[in-house]
Amino acid sequence: MAGRFVRASKYRHVFGQGAKKEQCYDNLRISKNAWDTNLIKANPEYLSVNWEASGGGAFAVIPLSEKGRVPEQMPLFRGHTAAVLDTDWSPFNDSLIASASDDGKVGIWKVPEGFTIHTDAEEPADVSPAAKLSGHLRKVGHVLFNPAAENVLASSSGDYTVKLWDVEAGQAKLTLKHKDIVQSLSWSADGSQLVTTSRDKKLRVWDVRQEAPAIEVAGHPGAKSSRAVWMGEHDRIATTGFSRMSDRQLGLWDARNPGEPIGGFTILDSISGVCMPFWDEGTQCLYLAGKGDGNIRYYEFENDKFEYLSEYKSGEPQRGIAFLPKRGVNLHDNEVLRGFKTVNDSYVQPVSFIVPRRAEMFQGDIYPPTNGLKAGTTAQEWFGGKTALPPKISLESVYEGEGPTEVSADYKPPHVVESVQSPPPTKTEAPKPVDAPAPSPVTHGPPPSVSDNKASLAAGASKFADKDEESEDETSSFEEVSKPVERTTVTAARQEEKTRGPIFTQEPEPSKPTPAPTAAPKPAEPTPAASTSTSSSTPAPTASGAAAGLKDFLADIRSSVQQQAETLNRQNQIMADQSDQIALLLKKVNTLETKLASQSGDSEKDERIRELELELEEARS
């Protein structure tokens, strides 16, 4: 137990809490397509679900407020001629969603205002796409909006390409060519780079506007699918995959030089399901949810390592999972993240991750500023080469029920400027401590030069000479003698505190040897005769005052030692007297015992013997 160390973290006690069945989204027909995707996506308003539909592909959009059992007949988002494989919500428009389908098309959809799944119509009207983007030759497996630029969409296809779309113009402006099918993709925080994993077991970091991989390295060696996620504003990438022995692995890569994973691959377990990683920028935590698992693990990123925190355990496995943006969590319950997991392909269960806190107020340490609904750049600016982080909002205003207040995304550069400008004030402050210790030769903290020390000593000597001459002329200066006497006592007291002697010197003061402390004012008598100490107030405690304090202190020690010796002698005499009395009592007891041996029937003698024994015990004690 002595060697156990618990790492300090404010997220160490985060726990996952699954919603009850009444608070879930039930009676769903989740797609059973075998394509490796997350099946569901969520934003603060809606939840999209890949739907198992006949006669073409479709997906459902469910408002988060409409919990419970979904009606049998509900409006779907139809427009694809094959199964929908993936969806993604725009980070800057909660009603804009993109879909990827097996028909090779990318759909752009807008959720109607006041949309609800509960209608009185016998056959509710389906929603049609606002636009269809054509350009891929095979099925489109993934779609992902740019997190910093508005209406910029990335899509991966079975034709080994990733296309970057200008959604407003409806055109593919850039194409990233791979050598095999892309299994996952993730944007950097500023939207200038893209990381992809492929079936050829390669990890690629793309400078997307150059249409060429900046870095290409070997990823996880296993044959099964691997995933990658860019860790927000860090230059780090987290990947999950498999080893050659089919063990699930976790890797951490440096995006600037990912030759090998930092610290090597970490083996998680030997389960065969694909592990889906999710990064939370606000808490700096990585969440891992495996397909076919019932648990969700979470790690805290610190010092280029993933520190395991805990896991949410459940007996109901998930095939797909999605997480809300930070602006959609419940701030009053200290909910740092909310996920949605599919269960048995029939319902979606919300899972809240909560930091236990007793204070009923806004917890600013776990809710830093987060991205809002305003983009950093437009699509034209981004394709023109501009890169900018989106402005952030303060969650404290949301907690108080007000509108979100924006905090500029470039709030860090002012701090950098301050740190650059901070050395000049330190240089201006440097001469101040040099000037301060010049008049006081006692301090040794500042580093003055040898010439400065000589100058200070010469000045002190001149002061002594002047004041000695003035003290002979002025007779009224004898009244100021009390000040250096008090300073000597202060120095003596400080020296007594440094040593452990004052505990013994203070005890005998209230006892009989009272004249010992009265000897302290005696040094004050020769001070009138010494006219040199009258006017020299500053240097007195340094030389003569210190010597007088030491003499007083040694006199106190000698008196205390003498007093202790006298008390010891007295105690020795008392002990000797008591031992003589004990010896006399023992002789009396022996004589009485001999008498009792001859006269055993006498009760009075017995009582006398008992009394003597009691006296003997008292004397011994």
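Along the chain as shown, the residues are counted starting at 1.
Including glycine, each Cβ sits where the backbone N, Cα and C put it.
Per TrEMBL, the feature compositional bias 'Pro residues' maps to 434-449 (among others).
The compositional bias 'Acidic residues' annotation in TrEMBL covers 467-477.
Taken from TrEMBL, the feature compositional bias 'Pro residues' covers 511-526 (among others).
Feature annotation from TrEMBL assigns compositional bias 'Low complexity' to 527-547.
Annotation source TrEMBL lists compositional bias 'Basic and acidic residues' at 602-621. Long-range contacts of the compositional bias 'Basic and acidic residues' (602-621) within the same chain, counting only residues at least 6 positions beyond its ends with a Cβ under 8 Å from a Cβ of the stretch, are 578, 581-582, 585-586, 588-589, 592-593, 595-596.
According to TrEMBL, the feature domain 'DUF1899' maps to 4-68.
Per TrEMBL, the feature region 'Disordered' maps to 400-547 (among others).
The feature region 'Disordered' is assigned by TrEMBL to 595-621 (among others).
Beyond its flanks by at least six residues, the repeat 'WD' (77-119) meets 31, 33, 35, 37-38, 41-46, 48, 50-51, 53, 56-63, 66, 70-71, 126-134, 136-145, 147, 150-151, 153, 155, 157, 165, 167, 325, 371, 373-375, 390 of its own chain at Cβ-Cβ distances under 8 Å. Positions annotated as repeat 'WD' by TrEMBL: 77-119 (among others).
Here the repeat 'WD' (133-175) has long-range neighbours at 35-37, 82, 85-92, 98-108, 181-182, 184-187, 189-192, 194, 196, 206, 208-209, 211, 371, 375-383, 387-390, meaning same-chain residues at least 6 beyond its ends whose C-beta is under 8 angstroms from one of its own. What TrEMBL records for 133-175 (among others) is repeat 'WD'.
Across the residues of the repeat 'WD' (175-216), the predicted structure has a mean pLDDT of 94. Annotated repeat 'WD' per TrEMBL: 175-216 (among others), in sequence order.
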